[in-house]
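Database features, via Swiss-Prot:
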type	residues	note
REGION	4-328	region 'Sesterterpenoid synthase'
BINDING	ASP96, ASN231	substrate binding site
BINDING	ASP96	Mg(2+) 1 binding site
BINDING	ASP96	Mg(2+) 2 binding site
REGION	187-190	region 'Substrate'
REGION	235-239	region 'Substrate'
REGION	329-711	region 'Geranylfarnesyl diphosphate synthase'
BINDING	LYS422, ARG425, HIS454, ARG471	isopentenyl diphosphate binding site
BINDING	ASP461, ASP465	Mg(2+) 3 binding site
BINDING	ASP461, ASP465	Mg(2+) 4 binding site
BINDING	ARG470, LYS548, THR549, GLN587, ASN594, LYS602	dimethylallyl diphosphate binding site
Amino acid sequence: MDQLSYQSRLIPPEEAQQTGCFTSLPIRIHPRNDIADAATAKFIADWAKHVGDGREKRTHFCPSRVGNWNSLLYPEGLPERLGSVSYLLDLGLIHDDVNEELSVQDAMAAHERLRPALDPQDNRKWDPESPQMKFKMLLSECVIECIKTDRELGTAMLKSFRVLWLDIAENATSDAPQTMDDYWDVRMTNGGMSVFWPMVLYATNLRLSEEQHTLVQPIIAAAEEALCWANDYFSYEREVWELETGKAKRIVNIVEMVSRTKGLSSAEAKAEVKRMILGAEAKYCRLRDDLLSSNPEMSMDLKRWIEYIGLSISGNHYWLSACSRQNTWKTNCSIDGKINGLTNGSVNDTNNRSVDGVVNGTVDTGIEEPSTGNKDTSLKALKLLFNSTPNESHPVCRYPNDKLSDYAMVAPMTHISSLPSKGTRSELISALNVWLKVPPVVLGHISSAIDMLHNASLILDDIQDNSPLRRGVPAAHVVFGTAQSINSATFMFVKATEAVRSTLSPAALEALLRGLQTLFMGQSWDLYWKHNLQCPAEGDYIRMVDHKTGGMFVMLVQLMAAESPYYGASVIEDLERLMRLLGRFYQIRDDYMNFSAYSAQKGFAEDLDEGKFSFPVVCGFERDPELRGQILAIFRQRPTSGAGEATQLSRKVKEHLIRCIAASGGFDETLKCLRSLENELDTEIAELEKKLGQVNPLLRLCLATLSMEGCEKICW
């Protein structure tokens, strides 16, 4: 490993040994420990601001007298990435502290509350005061930073937090493990190892192939043993003390298991675990040396990765030996320094008890058995029905005025509502409310109305575009028929209007009606151009988008503004401008992505099937007259089904048109436009944050999830 260069400082062994550290591996510390400490300070302040439960005053975080945990775990990490991984690790510490005080079931619920904050694509609606929304506010800035810094590695790291940690952590049985294999299974689910390695890769900006990951996996396994055993070794006394004082519900520790299963005293069990730690480190070194000697042409990145694994082992060990997290409990011991429960060599898990979840008794189904009536009575009833005299009223006259079932009405609505959603609207509502502060109940009414309007417009759009798919699923009119779907969509507009009238202010109703007129006006021109095979000029297309797509976003702002007491007309005008820009970005992005892999959810280049003049086509027309002739000729001859509906163009025809658009520069101009709009949106958000005196991480997160940064250029 002499070929490698280091930015970190080597810790002298004699210095490390003063803390009780006994690792056999070299220890290094990041030169910018101040960045990691600053991230911890920010996390503590943010937790107090957004969560406010006082937990930040009781948790021991990453800083220590020998250095920040992150500076020792990622000594070769990029300085600009050290802050974000430090922030996330502090989150892990405070979250683990909470879970140690909970039962397994309650810990799982705590994981569930945190999960949405780590998912940039989460589009569920959360009450502003809910734990989920508090966590989203807490983590939005960090999530944005990770994605913007490195979309690939940042997204992978966040996904590992969400999927590999939250989704499986604490799902293990609460029974005390009896064998090493049992214990290792528990540690792999709640120890966070699956999350740690993506953090190292992100911090160090290393990208490895699947083959390289597989090659180094045995080394990773040895490292995980050393990391876990060291954590258990240095945390054992603290965990016992917390269990016996009621501060924790359970203990999961290899020292406890060795003591319990082998009948050893605590001191003997710790000595055994110490040998296990050194054995795991020796195994890492042996596997490392074997791999290097058998692969003399190994890439420098893979060599770095193997070295960084070892530095994580030693850095973790050193920090554990000195950090306040594992040592401050000592000040709470009894005067003679003894810890209750350590003398008999075992600690019982107070949470290891069975729960009788069976409720005795019968279940009433609510269904009665049919009675056996008299046949004669039934026959008399039939005779009365079919042999009635003219003086008797017909049964039709006697039918009660009962309401019809609403199944036929709501079925298309239910179908469209059940489909996967991009979640932009719900994310945008939460983001705008950071500034507008609409009360939660009122915000729920606005959100419900917007959802109905949006779903109604989707049903009509699919009908008007002859689109067979919506999010990869048959569109509503394909399942329920065009006429029924139109009827259902129209009813949704009426229902949304009634909901606004009955639950919101007159100003909100006025905003809704004005917004609906704008939406229909924009849609009319989109349909007109398609029907008349008339390609609009770029300016006309943007005005249509401002009415159709931007109109929905502007209407949302106006509805929220009507219910917000905080800001005047000038601020609302700024927000409306921001929404119009967002509408342009959103629609043009959708036009561009229709020609990319995203289109698989709707159908490959479906806009061409519909004869739609999307933005890339408009740009191509303005730059290449020859393209105009070819596209118009093909659109004019589009095949139709027996019902008069357009059918798909052949793939070869589509590929030809896409090559023409690419050759004309239509895709390049579209991508250039999108990047300019994204920068403009970022500037507008910054100006609003300055004007309103409040940053809006949720709005920036919303923009980051739509970002075109790193988007592949369409080339044919």
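A Cβ is built for glycine as well, from the same backbone N, Cα and C atoms used for every other residue.
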**Complete:** Within 10 A of the CB of ASP465 (Mg(2+) 3 binding site), the number of other CB atoms across every chain shown is 20
**Prompt:** Restricting the comparison to the binding-site residues ASN231, ASP465, ARG470, THR549, which residue's C-alpha is spatially nearest the C-alpha of ARG425 (isopentenyl diphosphate binding site)?
**Reply:** THR549
**Prompt:** Tell me, by DSSP, whether ARG470 (dimethylallyl diphosphate binding site) is helix, strand or coil?
**Reply:** strand
**Asked** Among the binding-site residues listed here, LYS422, ARG425, HIS454, ARG470, LYS548, whose Cβ has the fewest other Cβ atoms inside 10 Å?
**Response** LYS422
**Prompt:** If you run the three-state DSSP split on ASN594 (dimethylallyl diphosphate binding site), which class comes out?
**Reply:** coil
**Message:** Under DSSP, is HIS454 (isopentenyl diphosphate binding site) part of a helix or a strand, or is it coil?
**Reply:** helix
**Prompt:** If you run the three-state DSSP split on ARG425 (isopentenyl diphosphate binding site), which class comes out?
**Reply:** helix
**Item:** Taking residues LYS422, ARG425, HIS454, ARG471, which bind isopentenyl diphosphate in the record, the widest Cα spacing (Å, whole number)
**Value:** 16
